[in-house]
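Features reported for this protein in TrEMBL:
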ACT_SITE  A:GLU337  active site, proton acceptor
ACT_SITE  A:HIS338  active site, proton acceptor
BINDING   A:TYR133, A:GLN195, A:ASN222  NAD(+) binding site
BINDING   A:SER248, A:GLN270, A:HIS273, A:HIS338, A:ASP371, A:GLU425, A:HIS430  substrate binding site
BINDING   A:GLN270, A:HIS273, A:ASP371, A:HIS430  Zn(2+) binding site
2 protein chains.
Amino acid sequence: MTTLDIKRIDWASLDGQGRFDALARPSRRSERDVQDVVSGIFEQVALSGGLAVTQFAERIDGFKPRRIAITPEAVAAARDALPPADTRALRVAAENVRVFHQATKPEDTAFVETTPGVKSKLVWRPIGAAGIYVPGGTAPLFSSLLMQAIPAEVAGVTTRVVVTPPAKDGSVHPAMILAAAEANLDAIWLIGGAQAIAALTYGAVLDDGEIPACDKLFGPGNAYVAEAKRYAAALPNGPSVDMPAGPSELLVIADRFCDPEIAAADLLSQAEHDADAQVILVCERAATIDAILAEVEEQLTTLPRADIARASLSEARAILVSDMAEACAVSNLYGPEHLAIQAEDAEALVASIRAAGAVFVGRWAAETLGDYAAGPSHVLPTDGGARTLGGITTASFMTSMSVQTVTEAGAERLGPIAARLARLEGLEAHARAADLRSVA
Amino acid sequence: MTTLDIKRIDWASLDGQGRFDALARPSRRSERDVQDVVSGIFEQVALSGGLAVTQFAERIDGFKPRRIAITPEAVAAARDALPPADTRALRVAAENVRVFHQATKPEDTAFVETTPGVKSKLVWRPIGAAGIYVPGGTAPLFSSLLMQAIPAEVAGVTTRVVVTPPAKDGSVHPAMILAAAEANLDAIWLIGGAQAIAALTYGAVLDDGEIPACDKLFGPGNAYVAEAKRYAAALPNGPSVDMPAGPSELLVIADRFCDPEIAAADLLSQAEHDADAQVILVCERAATIDAILAEVEEQLTTLPRADIARASLSEARAILVSDMAEACAVSNLYGPEHLAIQAEDAEALVASIRAAGAVFVGRWAAETLGDYAAGPSHVLPTDGGARTLGGITTASFMTSMSVQTVTEAGAERLGPIAARLARLEGLEAHARAADLRSVA
């Protein structure tokens, strides 16, 4: 067995540039190749629609796009194919996601009267059509269906189009059917990759029916999917997108009172995602780092996905800091997708965290619980996006607008002020539109 | 005087493609040229920092970047340079913007307990450094300073960097100084264009001090500024941006009871912005359209910016619909930046509006009031962005994250469920991280 060689960093020894470098995400595969493939797909689909989508799907997924109707029969068959405990677990997860999103749905504000007779508020509306990508890859990630389609439903989105790659044999995993049923979807489409994103962007008439053009695209995916979302968002009149999606990330802040076995298990759960997954440990004591890394090594030996985890850990970093305040500062600089705080005063430290997708507080809060069943969506910003972007919430599937109402008396009061400012900006027609309402 | 020739469209006569075309935004100036200029500027600034910023500013703005400190002396001088009524109007506008944004600032949600012992909430944090662009152009748009810097302050952003182009003679308008003072800014930078956005992206050490690299960039601007924001947002580790910003837009929904003089004044206030400004009238009666367009023609004769308005109106459209429900549907398809509803039952129609940046309800609610002083920010999505994006609010200057807390009992209950789902996805390390907390 090769020994792990996780990079250790003494934060105090670094200058500004060194600290910046220590937290840099590694650069990834040749982006130019990916861009060329994606733009080729989009150009073809823009030109010949569903025909091109079908051809790319056959070539890349191995199958033409299939619409899977979520009928009672399909659901019964899927249920029969799984242990009853799996079906029950899926239901609990779906319910928790639903409850959390119902409770945190944004509400219209009250009217705010800034001048007597001038009242404004912010109101929320669901977006029109949401395109939702659910990654396949080595396993069917039905949890990503729950974590997107249920918040969209709670938001009130009427058109939810879910796409996901077919399995190697062209089939769909029964858990995906059950997840779709829990999310009250009529159907899901078996199609993956950039061709799926192109179909959601332009709309596509396919053998099994029509994929409508969507107003906003959601979901994680591989480098092609990520680039396709970027491409779509840059199109004139193109859809908007939820967030850029890169490899998954976990930063663990641990103090001397942490349980090294638990910290190690969390780091490994992140590392097994894929070889690009980012794992960072920030700790106030060298001996604790030693203990956690020894546990990582130990637990790694029996992991089925040890090779993937090992590849990911080759880019991992263990950072020694002087105290927990500095640990939080390091985490804020990095802006992790997931942050676990395994420290005696974990709850108090949350106040110091400014940039993270999701924060797991204390030893019992495994990221795994949040990944599947605690309630908040697990679709979160990567690549430091957490510095300015939150994860998916019901608000992601809605838009806000201001509504401004003015009475005659309000116009009389505020009109002259607005007109004066308009003239100061040289905008006479603006001023006159105000004058008309306020000058008797 | 040439007669206006505003395009009239009978909605009922159009098929689907015709309707799509009728609402299409006109394509704009050669994007390739703009892209080349912007990428050239960014490449130079990435390479040689403040030196390049200074050189581009001298070449394009005509002056090197200047830091204007907002000192009591500067404010007193600015106040002396303006009529007292202007200073008072500016103060009222600033106060209204502040009051509205304080009242509508997002709050942390309560903890939601989805499983006994498993509690999550969404919490909000201000972003780190906000770069705020305030357009100059034909007039100093100090109102755009208020509409961004005050929401940022209310959000709790500690680093607000405001940039704005110098006037032709290198000076800054006194109203800009007063607006900066109302927004409690220490300083503003006189620098415009793509070079300003590049400075905010990379940070720049300049003769007058340092512009820090910003986490998120805000604000409207010309085609170069818009392209620069796109460029910055696409950089690996680059800042995020508020929204794409195109030419300003107003759609007026009017019924037979509207005041044609007022509807016309609103359309003209939009048209005077710039030649690319988008103006659309949607009305249920041809005679009302006639009356409004006659008023437009009449009022145009005495407008100082008539040439600009005329150019904009050459792309305007007057759309005849069968009833007010269809008017709302047309507006939702277009997704206007600004929507004015001048109809008898304007308030009731708001419920049918799904996509607009700001909605002005009824005859007294001039867009001008909202542009300057009603309270909500006037920085709003254009180009149909309103279908999925809101305008600037305090939330634009904040980010949300989920905080998840779990007790030992909570882990015991939910751990086995999460572990089961993790194994169903083939993620054994995830399952073990849950097991460690729940299996005695």
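Here the Cβ of each residue, glycine as well, is placed from N, Cα and C on the backbone.
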Rounded Cα separation (Å) that holds between A:HIS273 (substrate binding site) and A:HIS338 (active site, proton acceptor): 13
Reduced DSSP assignment, A:GLU337 (active site, proton acceptor): coil
Recorded positions near A:SER248 (substrate binding site) (Cα-Cα within 10 Å), from A:TYR133, A:GLN195, A:ASN222, A:GLU337, A:HIS338: A:GLU337, A:HIS338
Cα distance (Å, whole number) from A:GLN270 (substrate binding site) to A:HIS338 (active site, proton acceptor): 9
Residues from the recorded positions A:TYR133, A:GLU337, A:HIS338, A:GLU425, A:HIS430 that lie close to chain B, Cβ under 8 Å, in sequence order: A:GLU425, A:HIS430
Coarse DSSP state, helix versus strand versus coil, of A:GLN195 (NAD(+) binding site): helix
Rounded Cα-Cα span from A:ASN222 (NAD(+) binding site) to A:HIS430 (substrate binding site), Å: 49
Cβ neighbour count within 10 Å of A:GLU425 (substrate binding site): 20
Close in space, distant in sequence - A:GLN270 (substrate binding site), Cβ under 8 Å, 6 or more apart: A:SER248, A:GLU249, A:LEU250, A:ALA277, A:GLN278, A:VAL279, A:SER312, A:HIS338, A:GLU367
DSSP three-state assignment for A:TYR133 (NAD(+) binding site): strand
Assigned conformation of A:GLU425 (substrate binding site) - DSSP reduced to three states: coil
